Amino acid sequence: MEILRGSPALSAFRITKLLSRCQDAHLPVSDIYAEYVHFADVSAPLSADEHARLQRLLQYGPSLPEHPPAGRLLLVTPRPGTISPWSSKATDIAHNCGLSQILRLERGLAFSIQGPNLNEGQWKQLAALLHDRMMETVFTDLQQAEQLFSHHQPAPVQRVDILGQGRSALEQANIKLGLALAQDEIDYLLTAFTGLGRNPTDIELYMFAQANSEHCRHKIFNADWVIDGVAQPKTLFKMIKNTFEHTPDYVLSAYKDNAAVMEGSQVGRFYATAEKGIYDYHQEEAHILMKVETHNHPTAISPWPGAATGSGGEIRDEGATGRGAKPKAGLVGFSVSNLRIPGFEQPWEENFGKPDRIVTALDIMTEGPLGGAAFNNEFGRPALLGYFRTYEERVNSHNGIELRGYHKPIMLAGGLGNIRADHVQKGEITVGAKLVVLGGPSMNIGLGGGAASSMASGQSDADLDFASVQRDNPEMERRCQEVIDRCWQLGEYNPILFIHDVGAGGLSNAMPELVNDGGRGGRFELRDILNDEPGMSPLEVWCNESQERYVLAVAPAQMALFDEICRRERAPYAVIGEATEEKHLLLNDRHFGNQPIDMPLDVLLGKTPKMLRDVTRLQAKGDALQRADISLAEAVKRIMHLPAVAEKTFLITIGDRTVTGMVTRDQMVGPWQIPVADCAVTSASLDSYYGEAMSLGERAPVALLDFAASARLAVGEALTNIAATQIGELKRIKLSANWMSAAGHPGEDAGLYDAVRAVGEELCPALEITIPVGKDSMSMKTRWQEGHEQREMTSPLSLVITAFARIEDVRRTVTPQLRTDKGDNALLLIDLGAGHNALGATALTQVYRQLGDKPADVRNVQQLAGFFNAMQRLVADQHLLAYHDRSDGGLLVTLAEMAFAGHCGVTVDIQSLGNDALAALFNEELGAVIQVRAEQRADVEKLLADHGLANCVHYLGRAVAGDTFDIRSGTDVVYSEKRSTLRLWWAETSWQMQRLRDNPDCADQEHQAKQDESDPGLNVKLTFDPAEDIAAPFILKQARPKVAVLREQGVNSHVEMAAAFHRAGFDAVDVHMSDLLAGRTDLQSFQTLVACGGFSYGDVLGAGEGWAKSILFNDRVRDEFEAFFHRPTTLALGVCNGCQMMSNLRELIPGAEHWPRFVRNLSDSFEARFSLVEVASSPSLFMQDMVGSRMPIAVSHGEGQVEVRDAAHLAALEQSHLVALRFVNNHGVVTEQYPANPNGSANGITAVTSVSGRATVMMPHPERVFRTVSNSWHPEEWGEDSPWMRMFRNARKQLG
């Protein structure tokens, strides 16, 4: 084992935070220093040259002050027996740099602790504080890291002696292996294997448990029901299917695949052809697929990997739909118990305790969103939608007074994608078809995820919880998706016959499911499975849940093509078996010469015992709202701090919202970028205004009073959230229903049945809406011992509805931004509660630790449908200036958020809403506030009346310029406050979370910036006409110069980059680094090169640095790049990851010697912003006629801060006039202040060019916003092309 020291690992503020945590834990630590240390497992000693190359490879990241480690060593590494994602990717880079004798690289974090007065118990306490016990271990000596590379002999399969010991042997195995088998399933297995005349193996039992777990089989949703002694006519699943039977319109696939599919639009899908690799538009149907999953159990145990693999698994579900599909846009949601932010605890937050085996709600909301965002970011899928609810209270619900909350959290992961018409249905698995595992190797992780997540927290052994934690490698999943993309793009020649993702249960669930769904059996070889841990037993190899894997059936004649695609994308795969005529599973193990699995498929997946739920209804209790202690002014302040209501910027700016270039509505609204969007919208392609929308609906606390009302409201809210997009008819909307329940808890089962019936049998059929997809999680309870008391925290029944729809015109989407620049205006409330104004289970009751008695509900189904249809007319006719639905916090919050988005005031009169101001302002009945022009008010009110809404419409008042927020009832002032004051209250929760998680100085700067009342918002100043196509004369000549659209594994922004160059008149050619390294392509034939954004190698050796070093350490490819850069007629552009990469190639680029490096953002966080930049005077040929222009641009990076050697280096860069772009604030002043400058770069620098101007590198993404509709905000006068299109046309003009 080689040991190589790395760079300092923690910034000053991270060390300060660590010291503060030590202080809070009463640990007398005076100083901490941390640096990376690298360990290399080598097959042969490295030569001096190889050692130097490895040393250079491992020099990465920001240049932080070094000092010799002093104090006692605590070395934090991945757990022995596991392989970290860092290791997988760093080893790939080493191999691509010619260091083939390196078997594996691993990294640790070496803490040098100065704490001379710590006793041994305190050292153990400190070690626990420094690492995640689920993922890491702590050593006290560097040599102990040798354990990371320990190799073990494979363990043999174990047999369970049922022939000798009978039922007791199965019962013991059930406990030992954590199988969560029911008694009737034990009986079933005993009968089955006795009939086969042999003892089952541990792997067969484990496989059965996973395949038949509640997680995978949905037993409760398929159960028979008896309620109050009366047999019920339908299962839960049949009631959901009733929506499809009633309204099958536009649904192409439901209930039978990894995701549902509905009709989309005929558009030009943009991708490179297989023959020539040239990008072009292909006119075809882009149907819409939809899926929403939950990943609750792993997120409670270890939030980052739990949430990350939740998003990753859902992305795989989308990609594995039909014969291969394309994930496009994602959503993430969280329900947790109270945060109790230190120093910011809220009046309603009591600490009821929790078990040690799960983390706190604060931990979940600190780490979980980062994990979900990081996976989506690295994979290259924008996360555009979400929700965040906290609930934890002692309430009087159906079962009397008890604790209700989310100690077992909800982690929601979902999204939409596109699929070709001819790939919607799975193909036929032919006998002899090759059975393939695509993706990374097996590792001993995530064992038991399906069975573990099917148990209430506290029922399973803590070691089994530990075993079910997973790890994420989104860059590997991206490689696999690129393979799937290449396959579906082949159309009828697609080599994929059948595909499933690998999720719960690993291959033990995926492979039987694959062959069974294809009507076949399978014969497999265990030792052909890619395996990074050969010491695993057969059970561990077959059943582990290593992520980023798919199982496929490929025709033998197509294997050569499939192999070629995988090699080019560097996506590992293994052929592990063949499909058989007989529906039988045979798993051979050539190492031991036996068959760990040899069983008929119908034993595994056949008629296992059907569940019967015999339950009793309980009536909700609740308590009348006690108003004595409620003051309206105090209520407003509390509600503005409630996470379900409060600003969620801290959850949003960590997630890339612009990748693909097809995002037309993200969470951030208007010139002030306020996170209040009601829904997410994407364009169907890069050449179309057709699109897709998705929205969420969720009202879980209402279930504590009325199960069915809670479910109806979830559907209603999803509809009111999506209503201000141009959809057309209501039946175009399709829903995903995710049901979370504590099955078995008194009253909950019958409540679940009533809720499903309310939606599946009544509401959705009446609205003609289908639920073609969904998921259930039936173990939402946590048990623990608190002192001598046994406690339980039970989740409310929680239905999360996601609405999906095809969009007629993405430009018609209306946002909550109030407009004061459109003349006199009117604000109208459409109250679908029709005056009921119920306050039960609202934000108001929650912040006063009450529940109330009567909740909101869908009062009139016809009016709900009429409301949607009326909004469709108003959207199509462009009569709406602003729209925002009423939800958490009620009317007051709706108006406040609209005013925040418009940076304006409101004056309203609520007299028509009744005499109870508290109920009028804080009820959460369905509805919306719309803003219309004053002169159109009468017409709008008539249209609403024509749709049956006459009794729901109330004129409130108007939006006004300024900082007022005034609510009156007739002549009485009900509430008056500055809008800016409300805005700061609303922002405080996000600010406090950001301070805890990121650089607190940056969080403080952002909070301070929100207090600038003179902020004009994003604005534009152009020195050129963006409507002028300066490339047109050259395009007319029909000469299309070739641009090499360069990507490395992990790059994810190449398609939109190719589209921008294509529009400017180039032939954009897909060039993978593997093409250059293998000599299949060279740069000789290209006049332009663009290095694209993303996460090459997952940024493990510094952003873009691994990519650059794979060029620098390969002599032939290095020479090729150097020759290209020295050719006097070439152009080169590097964006984001490509910018970082090219900055590390500056020794090859003439006139680039003053270029800086790009390192970790000052905030120490990934930053996704829509930032204002100014084009500086520089030689850049890409920006030659844009100098002086100021306009917003997409920013998405974690490592964009300019790093120079010293002040002299910065001065030389400036004096050479090589700075091409700078961040400016909304006043147009160059800035280093966060967040206007999202990465902290000196002098606002965010792009530089070479002396000749032929090579330009920039951190922001012009390719994602070259279309006007792809800008989060834009002036109304812009046409199809945004001003950033000029960059690409300048390049085309330059080439003549």
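Cβ coordinates come from backbone N, Cα and C, glycine included.
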For the Mg(2+) site that Swiss-Prot assigns to Asp678, Glu717, Asn721, which of Asp501, Asp885, Asp888 is also named? Asp885
Alpha-carbon distance [Asp678 (Mg(2+) binding site); Ala308 (ATP binding site)] in Å: 24
Give the mean pLDDT for the domain 'Glutamine amidotransferase type-1' (1043-1296) on the 0 to 100 scale. 97
Filter the recorded positions Asn721, Cys1136, His1261 down to those whose C-alpha lies within 10 angstroms of the C-alpha of Ala677 (ATP binding site); answer none if the list is empty. Asn721
Excluding near sequence neighbours, so keeping only residues 6 or more apart in the same chain, what lies with its CB under 8 A of Arg316 (ATP binding site)? Asn258, Glu477, Asp501, Val502, Gly503, Glu548, Tyr550
By Cα geometry, the one of the recorded positions (Gly310, Cys1136, His1261) nearest Asn721 (Mg(2+) binding site) is Gly310
For Mg(2+), residues beyond Asp678, Glu717, Asn721, Asp885 with C-beta within 8 angstroms of the site's Cβ centre include exactly Cys679, Ser695, Leu696, Gly697, Ala718, Leu719, Thr720, Ile722, Ala723, His884, Ser887, Ala928
Taking His1261 (active site) as the reference, which of Gly306, Gly312, Asp678, Glu717, Asp885, Cys1136 (the recorded positions) have a CA within 10 A of its CA? Cys1136
Rounded to a whole angstrom, what is the C-alpha distance between Glu314 (ATP binding site) and Asp678 (Mg(2+) binding site)? 22
Which of these recorded positions is closest to Gly312 (ATP binding site) if you go by CA atoms: Glu717, Asp885, Cys1136, Glu1263? Cys1136
Looking at the recorded positions Gly306, Gly310, Cys1136, Glu1263, which has the shortest Cα distance to Asp885 (Mg(2+) binding site)? Gly310
Quick note, Glu1263 (active site): same-chain residues at least 6 apart with CB under 8 Å of its CB -> Gly661, Ser1053, Glu1056, Met1057, Ala1059, Ala1060, Cys1092, Val1135, Trp1284, Phe1288
Please give me the CB contact count at 10 A for Gly306 (ATP binding site), counting all chains in the structure. 28
